[in-house]
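Quick notes on the structure that follows.
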Amino acid sequence: MTFISNLADTRLAWGLLFLSALVLVAYALFSQHAMGLQPCIMCIYQRTAIFGIMFACVPVLAANNMLTRLFAFTVWGISAIWGGLIAWEHYDIQNAANPFFATCEIVPNFPSWLPLHEWLPNLFAATGDCGNIDWVFMDMSMPQWMMVVFAIYSSIWFVVLASRLIGNRAI
């Protein structure tokens, strides 16, 4: 348990977390721009959650102290859990009994002060349909894989955070 608790003190662990999220974003962009898969709103929200995990790592990589770790754990946990819920909702849309009632928005619902889809359309513009299953790997669609990814991120977050709290360590 001490080993797990000590992971949050190392930049290597935070760097690996950042790198894992970067690989997922790189594959998403490859799927979009090289394979021609069009991301839907739910895909964009999941991509935003992955960017949230990447963003959470940056302060700790710059200066690993209690304040940056508190920020990182908070943003990481919110992003991982929110991403998992979005992936679950996306899966439900794709497998709805009546697809006419399972729809998603046309334009991303980003805050007016942060219109990512307008500022960075190559990353955050949604052009696909949430109900389409255009990609399958090992009998699982993209939302199913993202549920697995976010479950792993959430589980690691919980285990590391719990081990620090149980071991009476500062965040």
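Yeah, the Cβs are placed from backbone N, Cα and C, and that goes for glycine too.
Taking the topological domains listed in Swiss-Prot, Leu7 lies on the same side of the membrane as Leu70. Of the candidate ranges 14-30, 49-63, 145-163, 49-63 contributes the most Cβ pairs within a distance under 8 Å of the transmembrane segment (71-88). Residues 60-61, 64, 69, 73, 159-160, 163-164, 166-167, 169, 171 of the same chain lie 6+ residues outside the topological domain 'Cytoplasmic' (1-13) yet bring a C-beta within less than 8 angstroms of a C-beta in it.
Fewest Cβ neighbours within 10 Å among the disulfide-bonded residues Cys40, Cys43, Cys104, Cys130: that distinction goes to Cys104.
Summarised by DSSP class, the composition of the topological domain 'Cytoplasmic' (64-70) is 5 helix, 0 strand, 2 coil. Rounded to the nearest whole angstrom, the C-alpha distance between Cys43 (disulfide bond) and Cys104 (disulfide bond) is 11.
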